[in-house]
Amino acid sequence: MATLILGSQWGDEGKGKLTDILCPKAQICARAAGGHNAGHSIVANGVEYDFHLLPSGLVNPNCMNLIGSSVVFHVPSFFSELSKLEEKGLTDVHNRILVSDRCHVNFDLHAAVDGLEEVELGDRKIGTTGRGIGPSYSTKMARSGVRIHEIFNEEIFERKLRQLAAGYKKRFGDLLKYDVEEEIARFKEYRVKLARYTVDAIQYMKEAQDRGYKILIEGANALMLDIDYGTYPYVTSSNTGLGGIITGLAINPTKIDNIIGVVKAYTTRVGGGPFKTEDLEEAGTKLQEIGREWGVSTGRKRRCGWLDLVVLKYSTAINNYTALNLTKLDILDTFETIKVAVAYKDPQTGEEVEYFPADLDILDSLEVVYKELPGWNKPITDCKTYYDLPKEARAYIEFIEEFVGVPICYIGTGPKREDMIVRKTSAIKE
């Protein structure tokens, strides 16, 4: 059986915390797509761990971890992240991580190109993390990329990397500050070190499913950053939703038991792109400060605003959530009134639009229709059960459930691992 944890907004919803809570029951924890642009922190046994490329199931000493075939794999970050986890006391991490031999390699070359492409775009820049994720997927789709298994054939590896570098050099000239021979030299060491981690992930996952293993899959980024369904072109370069999980891990869709959408009690976004409920006044600043809204991967401050239920309903239609995890509800503790977007409106006709349009110009022209709900004006972090919560907080939760049509089974009430209320467990298949 498999449980999926997927971001329902623009990322940074708090997926890692739920992964940490659920992974003690999992035998395998896997990532399907994305790269080391993703980032989240987990606090376990009083220690904070940062994850970017690695699955956060590594905090569970009894869990195997897999990086799936649709991930773009930055080799230096892989080893660096493993070392940092060891330094913080996690043991045996090298024996509990595997990497699909079908992953495409994310080179330092790709990061250099990423920065130049952002400069080319000027005012239309995407606001990428600068980690080379987009260029890595571009070379993958152009069929000029290098896969993990090709690292072990030195002749093929060096020829393909030199060809890739030559193509970019032709495009960018002296603006490209990159030495292909230096990167080739580094991979002579990586070639030896990587062998123990590389696996045929298709066979590995098939055997795990056939044996009935409990598999926990953590999505990277979120649905609104999906290359097909997000606010294109202000998106990442992979499929971040349900479809990307099935493709990236070759998982049997009939063996997926739970699809848990993680949704922050308000909304944040990093980088450029549409954000209809963004608040540039006092409320947005307050959310940013209380919520400590700056990125694990980049340190950039996140844009903040109210919860957008149009976005959540759209996300639900694509990912088919069976349950929701509402996170960071405690950040709203001191708000007298809480606004929630329930529709968009055409200012010319007054007609309400309840869907999320593909055309960003149309989206930009629409006004937001808000519903105002009363705040609870008291701390909730010490609440351990649903009915410990103030009635206003429960009303907020139930309004979201009714609007979206999906039960909220997990409620985050603080930063610690134990600050999570579990309810409606009948909606979750064990």
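Just so you know, glycine gets a Cβ as well, placed from its N, Cα and C.
Here the structure is a predicted model, which means the values were calculated and not measured.
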If Swiss-Prot gives Asp12, Glu13, Gly14, Lys15, Asn37, Ala38, Gly39, His40, Thr129, Arg143, Asn221, Arg300 as binding IMP, which of Thr231, Thr236, Thr285 does it give for that site as well?
Thr236
Where the distance is taken from Cα to Cα, which of the binding-site residues Gly11, Gly14, Lys301 turns out closest to His40 (active site, proton donor)?
Gly14
Compute the C-alpha separation of Arg300 (IMP binding site) from Gly14 (GTP binding site), stating it in Å without decimals.
17
Which ones, of the binding-site residues Gly11, Lys301, Arg302, Leu329, Thr413, have a Cα no more than 10 Å from the Cα of Gly39 (IMP binding site)?
Gly11
Just checking, which of Asn37, Ser41, Thr129, Asn221, Thr413 (binding-site residues) has the fewest C-beta atoms within 10 Å of its C-beta?
Ser41
